[in-house]
Protein chains: 2
Amino acid sequence: LDYQHVQVPFEITLWIMLASLAKIGFHLYNKLPSVVPESCLLIFVGLIMGGIIYGLNDRSPPVMDSDIFFLYLLPPIVLDAGYFMPSRPFFENIGTILLYAVVGTVWNVFGIGFSLYGICQVRAFRLQDVSLLHNLLFGSLIAAVDPVAVLAVFEEIHINELLHILVFGESLLNDAVTVVLYKLFRSFCEMPTKSVDVFAGVGKFFVVGLGGVLVGLSFGFTAAFTTRFTKDIRVIEPLFVFLYSYLSYLTAEMFHLSGIVAIISCAMGMKRYVEANISLKSHTTVKYFMKMWSSVSDTLIFIFLGVSTIGENHEWNWPYICFTVIFCLVWRALGVLVLTFFVNRFHVNTITSKDQFIIAYGGLRGAICFSLVFLLPDFHRKKLFIAATTVVILFTVFVQGMTIRPLVDLLAVKRKRESAPTVGEQIHIRFLDHLLAGIEDISGHWGQYYWKDKLEYFNSKYLQKILLREYDQPKSSIVLLYEKLERKHAMELAQAGQLGHGLAHPSFLSNDRTVITDQKLEDTPNPDALDNMQEILARNLYRIRRTGPAYNRHTLPGDSEPAERAEEILILRHKNL
Amino acid sequence: LDYQHVQVPFEITLWIMLASLAKIGFHLYNKLPSVVPESCLLIFVGLIMGGIIYGLNDRSPPVMDSDIFFLYLLPPIVLDAGYFMPSRPFFENIGTILLYAVVGTVWNVFGIGFSLYGICQVRAFRLQDVSLLHNLLFGSLIAAVDPVAVLAVFEEIHINELLHILVFGESLLNDAVTVVLYKLFRSFCEMPTKSVDVFAGVGKFFVVGLGGVLVGLSFGFTAAFTTRFTKDIRVIEPLFVFLYSYLSYLTAEMFHLSGIVAIISCAMGMKRYVEANISLKSHTTVKYFMKMWSSVSDTLIFIFLGVSTIGENHEWNWPYICFTVIFCLVWRALGVLVLTFFVNRFHVNTITSKDQFIIAYGGLRGAICFSLVFLLPDFHRKKLFIAATTVVILFTVFVQGMTIRPLVDLLAVKRKRESAPTVGEQIHIRFLDHLLAGIEDISGHWGQYYWKDKLEYFNSKYLQKILLREYDQPKSSIVLLYEKLERKHAMELAQAGQLGHGLAHPSFLSNDRTVITDQKLEDTPNPDALDNMQEILARNLYRIRRTGPAYNRHTLPGDSEPAERAEEILILRHKNL
């Protein structure tokens, strides 16, 4: 037996195996996941495993290594989040998201830090030795909402898109603030003589955030450019998506920029071009593997969280820990109230008080705080901070995570619509975008539609020519959707064994149909309302679809009637306009 | 800048990136890969990189770590090879393959070892200090044909299936012999007092080989069993294929069994059941990722081989190195001649002298020898062995690898047929299998058909019930092929935009068609001969395909005519017989 030799890969494989088997186990009992979020169950498994290890070895089980977390477990989750981010609601609400992520997080950090310092002044609690700086440092790591925890809970409760993107976007973009404040306070703690320069801090925030965006976008565009040349070796196409986005994360971390922001920009920047360049099978592989990887990382993180909780790393102080939980809740609620007040003054679609409650209540903490607290420099109260962080995480994940679903039901918060937008809606939205861009242009108001239009122009004029392999015929997204529907439909026909066995009527008007949405791997059923639109499309887009090579032996690609051709040119021209 | 922190993942990512970019680079120029095998080009890139590193640092570039090779780079390639192994020709020729792999390798080891010892006795060569044991040890590592090198070259020359499986199968299965002999001689070198026990060696060989098969099969069946329960979380299905096969490799290595044999048995054992259990998209991901992974590993191995060649690890001794190359060629040629003589006496389909030449000439050496020679215990002539191994590898990969394609052309060796077997052929083969099994059963001769039939019975009676999710309706492989054709055809129709636009004639008789083969990711065009068979199938299998849920709103699944139903039952009964 030579265990030493294979130990590292063997144990890694076993951990991943455990995580995957745990996932299968939960899903075997259909009732369990609908009551308890998976994250809670996984932490529970981790707690049991930690208990077993503790019982057998009689010493604390190994703690999740912060390096492993930040270098290997976090990137897949963030990459998945960025790649499948619904870009439209994200960019429409980017102002609100940034306000919550930047101002809200700063508010929470200082709120929690100062009020905990106040608690420390109470003589009876025996906490006088915890300085203001240490409290602020603790505030900086406990204040930030955690994307992994938010994703795990919010994906299961199917909240409406606006709320989801507000909470989730905040949890992603607050990384830049957290990085700056955490490092700032840490360096002060280590060298307390330095003078505080607020402006340097603000400047640093912009460098960290915008630097991350820049690094991410440049890697994203390089990735898109690289996939231009992979036509002959399709098999390594998916690799580039993973390699470049991981490199963007590592590069950002190397320069002390925000890795999360970098990998998200990279994923969002490359997605559109990479999708157009790589083959359909490669894209399935990319999507599948991203989901798989992030889901395994996610599982491992929660199990490790559970395992790491067990042991003797904790110093228990009732008042400090209880007040930490209370302050986390109170300051977040206050912050959301105040910020939303300002947001609502400038927006037509206001955020209702129900929504505000869910935003405040959805501020879950997770593994990022946990890893940051272990990275703290050694000082005599570190174990207290670890205990407080653990309690806050467990409280938010268990109590808030488990009650948020009943609360959403109780408050009748608007849910996510289960169906994909119909083709009619898509056309309508498109039309309104163009209209509003035109109105903004005429009125001289440079709003979001104006900028979106300009960006789209820049994209089709320059970026697509550089980054896409076949840039001369960019297809409209509606045509693409239509093609997807056709493909899907063809597969159904083939499965039902009805292909070409003399169906007299146009098949497209006679069957149930399903739409493949980009956001989800699983197919969602589609309402009958689509039928009508598809009929119109089937008539109008008939010739456009014909621009690809026709595989029928009996008809030549070019022999359409002149009248039809005229119609085709007309439609094409419309599209280009 | 904090490079230390991200160094490990950053450098790994950069190496993989370099490998992928090198691959893209070669394929940009279409002419290059058709003349020079990719493996040669990659070694060349490695040599250049090694030269640069050597020039800049003025010391030997890092050598490929044997642990990294055996634990991380080799498994993906072997897994890919095992998973896509054409099982029929492999099992039909298993006897010949084992003969080449076991007896042939032993023959080569002792032949090369003893004759090199003879060379060492020549006083003028100044090699008297290399003992017989050391020569045999060297023989045991240099004698084995390398699967990675064989795969890289043979995949490009498209040799016929029989030759390919003979050389490739040998290169995979000789691992057990190599492991046993290498470890045997190594332990003798370290403790020369031990007595030689031939029988223990032979016994060990069986343990190592059959143990590997056993470990592999048990992990393979566990994997198949696990995928029974993944219906609700499709997204982690591909993971199990990779996790279990990797575990089988590591477990085998841990117990000093043959890891290569284990992972191949695992892949071949699980393939059939896993394919039936997991979704189509998962399976695409599995296939794609396997190909991607193995192709990257392969690229990295050859680049590292090049890099490791540069440096001061070598001790040059002309006679020893030249004679090593010559003996490798001569003993292999003799071995193939002698063994084939015996093989041909017991087979109807004899191996021609042309084939024998290609088998002998295709005995390429590669990274496995290279890693083994670095694992040798330190002794004063290790650098000579390293030099000789490097020269043999470079000679076989460059000279033999580059000339084998022209030689195959020159000798007019039978090529691989480009088209997949037609449905008619498949039916014919099936029929003959049953017939021969029946004849063997009656005549009391327990040959391969008899055993295959028994195995198939055992499989459908027990294994499928345990391992498959829906075992009650195992589909015939012909029905599956037909479904694939239908799907493929539907996709083509959808792409050409002709779906359901009033095609009057049965679509299946009117178009070009292509067949998806299991062995290849790319589609291969199919001859017109298929048309006829497919017409027959389209008529006869019409109802069987209907057993799946029918998606048409206007027809109920069950409302077929009684006459048709009778026909259906008849066909089903035929199938079950």
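Using the three backbone atoms N, Cα and C, a Cβ is placed for every residue, glycine included.
Quick look at what TrEMBL annotates:
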| type | residues | note |
| --- | --- | --- |
| TRANSMEM | A:12-29 | transmembrane segment |
| DOMAIN | A:17-408 | domain 'Cation/H+ exchanger transmembrane' |
| TRANSMEM | A:35-56 | transmembrane segment |
| TRANSMEM | A:68-85 | transmembrane segment |
| TRANSMEM | A:97-120 | transmembrane segment |
| TRANSMEM | A:132-153 | transmembrane segment |
| TRANSMEM | A:165-185 | transmembrane segment |
| TRANSMEM | A:205-226 | transmembrane segment |
| TRANSMEM | A:246-267 | transmembrane segment |
| TRANSMEM | A:288-306 | transmembrane segment |
| TRANSMEM | A:318-346 | transmembrane segment |
| TRANSMEM | A:358-379 | transmembrane segment |
| TRANSMEM | A:385-408 | transmembrane segment |
| DOMAIN | A:524-577 | domain 'Sodium/hydrogen exchanger regulatory region' |
Most Cβ pairs under 8 Å with the transmembrane segment (A:35-56), selected from A:165-185, A:246-267, A:288-306, A:385-408: A:288-306
The transmembrane segment (A:288-306) vs the transmembrane segment (A:165-185): 3 or more CB pairs under 8 Å: no
Stretch of maximal Cβ-Cβ contact with the transmembrane segment (A:97-120) [cut-off: under 8 Å; candidates A:132-153, A:165-185, A:318-346, A:358-379]: A:318-346
Confidence summary for the domain 'Sodium/hydrogen exchanger regulatory region' (A:524-577), mean pLDDT rounded: 47
Contacting positions for the transmembrane segment (A:318-346) when only residues 6+ beyond its ends and CB under 8 Å are counted: 95-96, 99-100, 103-104, 107-108, 111-112, 115-116, 119-120, 122, 125, 127, 130, 142-143, 356, 359-360, 363, 365, 384, 387-388, 391-392, 395-396
Stretch-level contact, the transmembrane segment (A:246-267) and the transmembrane segment (A:205-226), CB cutoff 8 A, at least 3 pairs: yes
Close approaches to the transmembrane segment (A:205-226) from elsewhere in its chain (Cβ under 8 angstroms; 6 or more beyond its ends): 102, 173, 176-177, 179-180, 240-241, 243-245, 247-248, 251-252, 255-270, 273-274, 277, 463, 466-468
Remote residues contacting the transmembrane segment (A:165-185) - C-beta distance under 8 A, at least 6 residues beyond either end: 78, 81-82, 86, 89-90, 93-94, 96-98, 100-102, 104-106, 109, 133, 136-137, 140-141, 143-147, 150-151, 154, 201, 204-205, 208-209, 212, 256-261, 264, 351, 358-359, 362-363, 368, 372
